[in-house]
Structure formats: C-alpha cells, structure tokens
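Student: Quick paste from Swiss-Prot:
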MOTIF     12-22  motif ''HIGH' region'
BINDING   C143, C146, C155, C158  Zn(2+) binding site
MOTIF     330-334  motif ''KMSKS' region'
BINDING   K333  ATP binding site
DOMAIN    562-667  domain 'tRNA-binding'
Amino acid sequence: MKKKNLITAALPYVNNIPHLGNLVQVLSADAFARYSRMMGIETLYVCGTDEYGTATETKALIEKTTPEELCNKYHAIHKSIYEWFNIKFDIFGRTTNKYHKETVQDLFLKLDKNGYITEKENEQFFCQQDKMFLADRYVTGECPNCGNNTKGDQCENCSNLLVTNELLNPRCIICKNIPIIKKTKHLYIDLPKIKNELEHWIQQIDQNTNWNTNAIKITNAFLRDGLKERTITRDLKWGIPVPKKEYENKVFYVWFDAPIGYISITKEIIKDWESWWKNNEDTNLIQFIGKDNILFHTIMFPSIELGSQENWTMLNKLASSEYLNYENLKFSKSAGTGIFGNDVITTGIPSDVWRFYIYYNRPEKADFQFMWDDFMERINSELIGNFSNLINRVLTFYKKFFGDKIDKIELNENFWQIVNIKYERTINFFKQIELKAALKEILDISRIGNKIFQDKEPWKTKNSTPQTTKELLLNLIYLIRDLSILISPFMPHTSDRIRSFFGKSYEISNKFLGTNLGLTTIQSTEVLFTKIEKQLIDSLKLKYSGRTNMQDEQNKNSINLFSEQICLKTVKIKTIDRNPDAEKLFILKLDDGTPEGKQIVSSIADHYTEEELIGKHIIIVDNLKPAKFRGIRSEGMLIATEDENKNFKIIIVEDFKDNPIPGERVILESDTGKELKSPTKINIDKFLQAQIVAENGELKINGINLILEHSKEKVLSKEIPNGKIY
C-alpha cells in the first residue's frame, strides 16, 4: 500500500480572474488534501499559475502590457482569491519559477536522447499583416469536428484536440484578417512510439478503476482513433526556449511545459523532491482537473514521463469534473454574467458557505447549473436548518441546564452502531473522491442527531430524568465533535469555530471518531450562520445577470445618440395662432436665430393660453423631420416634462436663464468644448430613445446634465422637478 498522497490541481492560466466554475478543481483538491491529513497520511498539495504560452501573450497584447507584468498581476489575483477561500496549498507557485526552465529542458533532452522527438516541416498559418507565424491560440475558426467557434488548440464544445490548420474559416485574432499557409519547422513528440507502454499503463489504471467513467471514456476514444505525433514547439517569444540547434528562436508549447510545472513548483519548497516525484512505489499521484484537461493528464504528461525512461511517479487517481455553469448563461466578465472569485468576496457571504454549496453540487458526473434560488434554499435548509441548528440547539441547551463541564460517559451502543456505519461510508466516499456523497453523508449524520433531539424531547425530561437527559445530550455533544472533524475538509473555518466551543481540546484526526475522548468543557457557543434573505439573493441575481451591463450599454448608447444625432435649440415664440380645423393645436412662429425662423405645431391649447407663451423662450428638437398636422407643416417639436400623474409643463428657458438668445444649442455637459456635429433629420422615435429625464429639477441623460452651449447654464424643469421629457 502506498504511503504518501501527492495531490495536484490543474494549473490555472494567469490570463483571467477565476470564476466559480474554475474554483471547482482547487477546492476539490483542497478537500481531499485535508481529508488525507485528517487520516494521518503524509500529504503534499501542489498548485500554481500556468504562465507561459499564447494565452498569456495574447492577453498581454490586449491589456497593452508585457507578459511578465501580466503574470505578476494575475498571479496575485489568483493567490488572494484562493487565500480568501481558505485553500491550504503546501505551495502555490508559478511556472516562471527558477527551476522550471531546467526541468522542462532536461525532460525534453531525455526524450530526444531516447528517440521520442521527431522533426517535421509543416504548414502553419502566417499573418501577412502582423508578419508572424500564428500559434494555435492566435487563430480562431470553426471546429472541423462539431462546427463550434473555437481557438486553434482545443475545442471547448467537444473537447477535441485540434490541429490548427484544420480550422474552418480561420482568422488572426490580432488583426482579424485571413492568414495564409506558410512552411515552417517544428519538433514533435512521437506518441505512436510510446503507444505500447502508454496503453499497458492505462490498462492497469482502468482495471483498478482509479479514474472516473468520463476520463476513461475520453482517453480510450482518443487511443482508439490512433495516436499521432504531436507538436511540442511554437513560434512565440514568451515561453521556455528549446535547447536544440536551429530551434533557438522557438519555445515549448504550453501543453508540454505546464504539467511539468507540478514538478518544478515542488522543487521550490522540497529539497528531496524526488521522494515525491520519483517514488512510484510509495506515492499516490492524485490529480484534480476539469474535463477539458483530461487528455493532457492521461495521455500527454504520462507520455513525457514514460518516454524519459526514468522512475517518475505516475498518475494513480484522476478526479475529473464536469462544468459548473451559471443560471443557464456563460460565465463572462465582459458581459457581466456569472460570479467570479473577486465578486464572491464582495457579497458578504462567508467563504465556508460558498465552499459548502460548491461541494454540495460538485459536478462529478454531469454539468451543474449554479442557481441563486437553489443556493439560498440549500444554505438555509441544509447548512443552517440542519447542520448549524443541531450544534446550536444541543450546546445551548446543555450549557443552560447542565453547565460547562462535559462528563466522560459510556457511549450509547445502539446510537453509535448506527453512526459508526455512517462514518465508514463517509470515509469511503472521501477515499473514492466522491466528495459530494461524503458531504451529504455528513448531513445525514447531522439529521440523525436532530431527529434524536426532537424525538427524545429533552426540554420535557430534564427535570424528571436529569441523568438520562444529560447522557442523551453528551452523546450528541460527542457527535458534534465528530461532525466538526468530518466537516473540516469542506468547511475548515466552521470546523475551527466548533472546536473553539470546546477550547480546541482535540485535533482534526479520525482517531477521535466514535470515541469519548478529547472533550472536557463547553467554553462558549454561538450561532454559526445567519439565514440568507431573499432580498440579498434577488440583488445578487440582478447584479450578475448581465442586465446591469445591458443597462450600462443602453446608457452609453443614449449618450452617444444624443451627442451624435439630436440637436436641441432655444427659440423665442413670436406669434401663436390656432388651427382653424383643430382648436387644440397651436401654430407657433419661432425665432431660432436665423432669418427664416421656424414653425411648429403643438397640441398644448389645453394647457396654456397664447398670452402665457408669446415672448417666452422654449427648447425644440431642431432636426426633427418635417411633418403635417391637419394640413399645417411643423418643423420641430417643443420639449416638456410630464410626471407620473400626467402633469405637463413646457421647459421655459427664462426659468433658469436671464435674457436668453434664440438659436443657442443645448448640449450634454460632457460635450463641453467638443466640436459638435450638425446631425441629419430624425423621427420622433429616435429622439425618445435618448431618454431625457428631469431629476430634482435638472434635465439629464443618465446622470449627465443638459446645458446651454455658450452660457453653460443647466437646463431646468422648475415646475415639475421629476419626470420624463417629451
């Protein structure tokens, strides 16, 4: 039996902020590592950021920075998020560490020496605009397998590993032009030559069922299609240089160097690193990955190890998970959909609550949709109503009626016979990396405790049979101690808080389970969690739905629309006539600062008399398309405020400006000093899309004031301070 557990989580790229789905692997590995330590197994948990390759280079181009600066930025972001989630790495390193180059190059040289490296001239996409060969992630197109839009390394939809040149309708991601095909030379790992050794190793793993069904299925399908030589070099600058003549200007493809990062990162903290990585007899290598990373860990990395012909520690257990998705939407920072690691921190919801929900719904066999309503329901019913409720009610009741001292008693045999079976099941689920099942088993144990407390009704028996009641509660207190141990891989902070109720008189160790050891007093007790309210959930659901971003986009569009397509001007009313065919229509002759003047028709006769308006300055939509009302031509439209009660008032310039000048343009305050366009004619619908409103007496578009162009006076709506502008 192997003595040590070497645990890795897939190295995250440093070109983004991890979202909730990205956290599944590091959290899963963390729970298993904590379980392993709880069982007294020597454990090493290794992870770090994957920093080389096209993903980093392209992101640096987008952010107008260097790859080094980009890596520093995102490594710090990842590290801070993982720390907030209380993930206990033994080391969280980087593939830019000082040992990585020599480790990668050494493995390559061994592969080359052993005849597993071949050289080929091939055709590769070349961008004539950017004058460079395009590595796989510099090209987008349609997957030849499923038709999904994808980058040139691997299809996110069908997980098919791609040959970039096979992409349909390819485009350069930098300039969006169609690249040409040009010849270049690259190095390949000869997978067909390693095939027999690789298949023999995989058959042994398959027989031991140490991988989940999906991992075995994907790997066997890849083998069945036939192994092909796979390129390991790229025409990039940001990467590990290739130590071979004529290839000095190329670097290793990131799939080749990234998994070797597990080894180089270990070297950073352990001098005797070979006792972990070259010790296949005594070390279990257990790797946690997403389903899109399966082939890199079951085919590619093992092929490198086997091809080097050294005694590397080989993958033993593979814990691959499906996708955690968000409210039937894609996680997208730009679209504002989905919750990311830095967003989680700002919700005010404790990290252990998030950990609980992710483990409770860990996508082990199928994709899972994160839903806010389900999040609230599970936390309030399972974590609070079940688990937290048992701890609070038992400890509070015991402390109130029986004091602080915990007596050492003979445990109830019938009760513990049932519970110990549940413990064995929980430990076995942990061992098989069925983390979701392990957590639900723990919650079942908690439910048993709650049922006994409820059925035995200690509040009724505390006076009539105090000793029996006390022993009942003491059995439940020892159960709570065990729950604090079993829950620790999932909720370490909560486990520590429960242990603090007892003065931390026991360790997180399986040796205490089912015993009457380790407890002497109840030093304190408090409610572990507060109920999550629907109001909070509704606000978070809206915030991360993308609708707020859509609103931001609409706001931006409204501002641009007004600046570029709408012209408002001040005019003076010279005369007013009534339309002989429609008494409610006023015909207004206007001085707009031009010799010709303007005429508009407006249905305001029910609101104003002629005497109230003649001589006043108002504001009109100056570039409205001419229209006829009852046969009378109208060359614009006056603007007015209307509130929710249908009160209506024209914007009168004299209300906010002395001696106004006809023809002065009304602009956005943010457009001050800019050269203004003379927009083309528009219809009324286009004007209404600008969504001008009165807020506290000031006319605004999305918080930006409308002002007079030259005098800079704010345009006011004095009589109706809040309403819409029509």
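Keep in mind that glycine also has a Cβ here, set from the backbone N, Cα and C atoms.
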Student: Other than C143, C146, C155, C158 themselves, what residues in this chain have Cβ atoms within 8 Å of the centroid of the Zn(2+) site's Cβ atoms?
Tutor: P144, N145, G147, N148, T150, E156, N157, S159, N160
Student: For C155 (Zn(2+) binding site), which DSSP three-state class applies?
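Tutor: C155 (Zn(2+) binding site) sits in coil per DSSP, no helix or strand.
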Student: So if I measure Cβ to Cβ from C146 (Zn(2+) binding site) and keep only same-chain residues at least 6 apart in sequence, which ones fall under 8 Å?
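Tutor: Spatial neighbours, sequence-distant, of C146 (Zn(2+) binding site): C155, N157, C158, N160.
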Student: By the count of other Cβ atoms within 10 Å, pick out the sparsest of the binding-site residues C143, C155, C158.
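Tutor: Counting other Cβ atoms within 10 Å of each of the binding-site residues C143, C155, C158 gives the minimum at C158.
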Student: DSSP-wise, what's the residue breakdown of the motif ''HIGH' region' (12-22) into helix, strand and coil?
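Tutor: Secondary-structure breakdown of the motif ''HIGH' region' (12-22): 3 helix, 2 strand, 6 coil.
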Student: Which state, by DSSP, holds C146 (Zn(2+) binding site): helix, strand or coil?
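Tutor: Looking at the DSSP assignment, C146 (Zn(2+) binding site) belongs to neither helix nor strand, so coil.
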